[in-house]
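Data block below; observations after.
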Amino acid sequence: MKQAMTPEEIKEKKPYLDWSLTEAEYDYIRTQLLGRLPNYTETGLFSAMWSEHCSYKKSKPVLRLFPNKNERVLQGPGEGAGVVDIDDGQAVVFKAESHNHPTTVEPYQGAATGVGGILRDIFSMGARPIASLDSLHFGELDNSTTRMKVTNTVRGIGDYGNCMGIPTIAGETTFDPCYQGNILCNAMSVGLMDQKDIQQGRAAGIGNAVMYVGAKTGRDGIHGATFASADFNDENMTQRSAVQVGNPFMEKLLLEACLDLIRNHPDWLVGIQDMGAAGIVSSSAEMASEGQSGMELNLDLVPQREPGMSAYEIMLSESQERMLLCVKKGHEEDVKKIFDFYDLEAVTIGRITAGHDYVLFHDGEEVCHIPVSSLTDDVLEEESLEKKPARIELAEQQPAWIPDIDNVAEVLTALLAQSTIADKSSLYQQYDSQVRTNTVAGPGSDAGVLRIRGTHKGLAMTTDGNGRFVYLSPEVGGQIALVEAAANIIASGAEPLAITDCLNYGDPTDPEIFWELHQSVQGMADACREFNTPVISGNVSLYNENNGQAIHPTPMVGMVGLIKNIDRVIPSFVQHPGDKVYLVGQTRDDYAGSELQKMMTGDISGIVESFDLHHVHQYMQRLLTTMENGLVSSAHDLSEGGLGVALAETVFKTDLGLKIDLADQHTARLFSETPGRFIVTVAPEKATEFEQVLGKDAHLIGEVTNSHWLMVKLANGELNENVAKLQETWEEAIPCQLKSKD
């Protein structure tokens, strides 16, 4: 087929500039890697594979700061997902991915295909997905466009996950004006497997087959990788052709077929990989690179649902529900029979070749002949300029903001109605959290918890991130993101194992934004080392801007923890009247970036103060010990809204109350957001032993009561509020806002 442009026309007209390939990169490819002008198809492949979304060419130097190994890690970054040993020959597999740009443009399909893509990463490793999580960040709900995007994003996540029969058991949803023009949709999936079934995305063995399985290839999602590597503007906000369209029913069949092959016929399979960003070119080139092999593909054999597709379109399509397999020669028909059983296509489209060349044929002609390494290993890493933002320099010279609170009841009630704090059940009730009946704790708890059938073990999982803290103080904010995730895991009675992440930032060519990325990753990395929670997978999503307005830097931490005895799962809500109430951790005047500051001033400002990361980790480990020894009745970590909001949340959906004595604390401290704190309830007969373990880090502040009242005594006031009244405010806030009219 005739190419859309000749190599000479490409050199002259430079269409690659619209595909996120720079002129310097193009010149390097033609002079240093190929020694000739690349043709149209080849230029398109380089544009996709050298995009930030696929290559991490800007962020890779920063990503090297992360630890990625410890005694439990079986597979770290580089494969479809990370794998962690959970004893007894079993492993947990997990990863998070962003689908921010597609979801901003087309919320329903963008969110749905984000779920589908991350599920394929999990089962491509040989694991069965057992849970989904999300991290969603929207503009304010007083905007009709935001309300539409919230509704459709949540519906997309729910529809895809529910059709797959995989519970969505945890997540977070926040609202801030910075996400108005560029929402964040981060999806996480967790899978369970036997360690013997771990797969790799590799293609090796001369003569072995390259097999395409799953849905047909269409024109949806072409250049989705480069779309995700550019800022939004008025022109590309309507670029719906870069958004994929999902079919969860086909994905369910694909999952079962792949696991059938992996578990029952592992000797037929060399490697397997999802066709995600950049479609066939990404999966095939990465597998060939991993196997140090050459590869030859005949694109005429690729199943296509639209006529007249060019080689360029076939290779860069991001049609969903597709996988690429490397199958041992002679077993092609055996593999085909498995996929036939599930009514799925399985076609041999190429072979592994000697050498290291990547060769494509289309319409009987050779349309690509380049080294495999030129697509995967020879990408030019970019040195980015960094500059500390002037706003931070200025804030460091200003006095800290301390709120003046006259009516503590009014402030607490107003905070409970803030969108980020308010009850999200009207959103997550659209997700099936109980399917497969392994869910012990679902949405609304500090972490989602699943039992592992046939064992006494359980898995706890969470997603956490706070862009406000990172915006004000990137390094400390990065630490807080990790500490908040660990706090949610430990509050459930689980030992943190490892993390995945989504690094959501603006344009990295802006020196201030790259400085934010660097500093926050440094903070996260320091916290990962302290907590021994390596980064085993994840992704980077840059260029989250709209017409030059960047989001707050928002690293999302997805963490999984191991519960040794599922009977010792710790609930988030108070359990027994008469139990002692403890505040674990120190409270300071930490209001910069808090929900209280945003509510009272309409903005955020100041510096997020550093804290003793090692000390926080030490007492969190001691707290976990008390849980494992059966000393704790309930636990809830403190986050948005501080102690006041957390106290209310522990008695919501119960018929109990709290009597709290904070006579040594001024009123504002009730809403401080000092990290690493917990509300813990303990039976009176276990209180002495609990205090002996926690020492000065546990502060007795009250007791659980039979009355449905929240009573708090403060140095300069009192709070006496009916819990049912507070709960009504908390529950009705988001439904009322979603129904409002502009």
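Including glycine, each Cβ sits where the backbone N, Cα and C put it.
In Swiss-Prot this protein carries:
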| type | residues | note |
| --- | --- | --- |
| ACT_SITE | His53 | active site |
| ACT_SITE | His99 | active site, proton acceptor |
| BINDING | Tyr56, Lys95, Asp501, Gly538 | ATP binding site |
| BINDING | Glu97, Asn539 | Mg(2+) 1 binding site |
| BINDING | Ser98, His99, Asn100, His101, Arg120, Gln244, Glu318, Ser319, Gln320, Ser541 | substrate binding site |
| BINDING | Asp121, Asp274 | Mg(2+) 2 binding site |
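Taking the C-alpha positions, the distance from Asp121 (Mg(2+) 2 binding site) to Asn100 (substrate binding site) comes to 18 Å. The Cα of Arg120 (substrate binding site) lies closest to that of Asp274, out of the recorded positions His53, Tyr56, Lys95, Asp274, Gly538. Neighbours of Glu318 (substrate binding site), defined as other CB atoms within 10 A of its CB across all chains, total 30. When the recorded positions His53, Asp274, Glu318, Gln320, Asn539 are ranked by how far their Cα is from the Cα of Lys95 (ATP binding site), Asn539 comes first. The record gives Tyr56, Lys95, Asp501, Gly538 for ATP. Within 8 Å of the mean position of their Cβ atoms, the other Cβ atoms in that chain belong to Pro77, Ala96, Glu97, Thr500, Cys502, Leu503, Val535, Ser537, Asn539, Val540. For Gly538 (ATP binding site), the nearest neighbour among the recorded positions Ser98, His99, Asp274, Glu318, Gln320, judged by Cα separation, is Ser98. Fewest Cβ neighbours within 10 Å among the binding-site residues Ser98, Asn100, Gln320, Asn539: that distinction goes to Asn539. Rounded to the nearest whole angstrom, the C-alpha distance between Ser98 (substrate binding site) and Tyr56 (ATP binding site) is 14. DSSP assigns the residue listed as 'active site' to a helix. Binding-site extent for ATP: residues Tyr56, Lys95, Asp501, Gly538, maximum pairwise Cα distance 17 Å (rounded to the nearest whole number).
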